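The next block holds one structure in the form of structure tokens; read it before the comments.
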Amino acid sequence: MKTPPHAPLGVFDSGVGGLTVLAALRALLPAEHFLYVGDTARVPYGSKPLEMVRAFAAEICALLLSRGVKGIVVACNTASAAALPGLAAELPVPVWGVIAPGVQAALRRAPGGRIGVLGTAGTIRTGAYQRPLEAAGCRVWARPCPLFVPIVEEGVSDTVIARLVAEHYLKDAPALDAAILGCTHYPALKGILSEVLPGTALLDSAEETARVVAHDLALLGLANPNAAPGTVRHLVTGDLPSYAHTARLLGGPEGALERVVLGAPPVAQP
């Protein structure tokens with residue numbers, strides 16, 4: 001049976017980074033209701049085996065489906081790279097990721113140019129950004145930046161520590177036409193990154209992802225027709241006060257907070 005248009009949209013990330021995507025979705029789709037899962041108990045995803053990330057993603061999607069969502073936005077680059085094809089094939093609702101929109105934004109901004117990709121170790125390892133960009137004729141410089149996520153999660157994204165880490169990761173970056181912030185946490189570091197990469201356009205996929213989701217909801221007849229503003233509920237696997245504190249530094253959270261317990265069995269290291 002088709003999910004009704006007034007049902008909520010699910011959004012999830014390993015932590016608070018996906019709130020950048022949630023904000024873009026809410027700006028473009030103000031009537032929609034949202035359930036946001038922040039898996040802060042298991043952040044970061046980028047350093048974990050991809051099979052473990054797939055298990056986490058499947059578990060979160062099962063939770064969201066049990067809450068009656070009409071679609072799911074995977075607002076995590078590592079989970080999009082590792083799990084999106086399987087989720088899209090298996091789940092009974094539409095599923096969107098953040099990588100394809102990020103690629104499209106880069107190709108529009110710098111077609112055939114030199115593109116940097118900054119991401120978690122897991123995202124860079126999959127080549128999910130590099131392959132389509134290179135196929136489109138771009139020269140790609142990819143760099144894993146694993147400490148960026150804990151810096152944002154700890155609420156120290158505008159500090160000397162953050163700048164030193166950024167300078168370390170990017171010290172040998174070539175001249176770039178654009179750089180994709182290939183993790184939804186990384187927009188919190190835009191100020192510092194713009195100083196470390198002067199003259200480089202910094203791209204994140206939040207707004208492009210929101211446009212794709214809005215288009216597809218209308219096409220599928222799933223857009224909420226109500227004029228009243230939608231609601232947001234945050235389902236958090238870790239400490240609620242810590243989540244609320246860090247989220248406030250990023251401009252949120254609005255809406256109710258709820259602690260949830262997830263427990264995918266551990267996956268053996270390869």
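Glycine is treated like the rest: Cβ placed from N, Cα and C.
Here's what TrEMBL has on this protein:
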BINDING   Asp13, Ser14, Tyr45, Gly46, Asn77, Thr78, Thr184, His185  substrate binding site
ACT_SITE  Cys76  active site, proton donor/acceptor
ACT_SITE  Cys183  active site, proton donor/acceptor
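Features recorded in TrEMBL, as mapped to the structure shown.
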residue	record	DSSP (3 states)
Asp13	substrate binding site	strand
Tyr45	substrate binding site	coil
Cys76	active site, proton donor/acceptor	coil
Cys183	active site, proton donor/acceptor	coil
Cβ-Cβ distance under 8 Å, sequence separation of 6 or more, same chain as Gly46 (substrate binding site); the residues meeting this, in order, are Ser14, Thr78, Gly119, Thr120, Ala121, Gly122, Thr123, Pro144, Pro146, Val149, Cys183
Given the substrate site Asp13, Ser14, Tyr45, Gly46, Asn77, Thr78, Thr184, His185, its other Cβ neighbours within 8 Å of the Cβ centroid, in chain order, are Gly15, Gly17, Gly18, Val43, Pro44, Cys76, Ala79, Thr120, Thr123, Val149, Cys183
Rounding to whole Å, the Cα atoms of His185 (substrate binding site) and Cys76 (active site, proton donor/acceptor) are apart by 9
Quick tally, other C-beta within 10 angstroms, Ser14, Asn77, Thr78, Thr184; top of the binding-site residues is Asn77
Between the C-alpha atoms of Asp13 (substrate binding site) and Cys76 (active site, proton donor/acceptor), the distance in angstrom, to the nearest integer, is 5
One finds that other Cβ atoms within 10 Å of the Cβ of Asp13 (substrate binding site) number exactly 30
Asp13, Ser14, Tyr45, Gly46, Asn77, Thr78, Thr184, His185 bind substrate per the record; greatest CA separation between any two, in Å, is 12
For Cys76 (active site, proton donor/acceptor), the same-chain residues 6+ apart in sequence with C-beta under 8 angstroms from its C-beta are Phe12, Asp13, Ser14, Gly17, Gly18, Tyr45, Ala57, Val98, Cys183, Thr184
Across all protein chains shown, the recorded positions Tyr45, Cys183, His185 give the max Cβ-within-10 Å count at Cys183
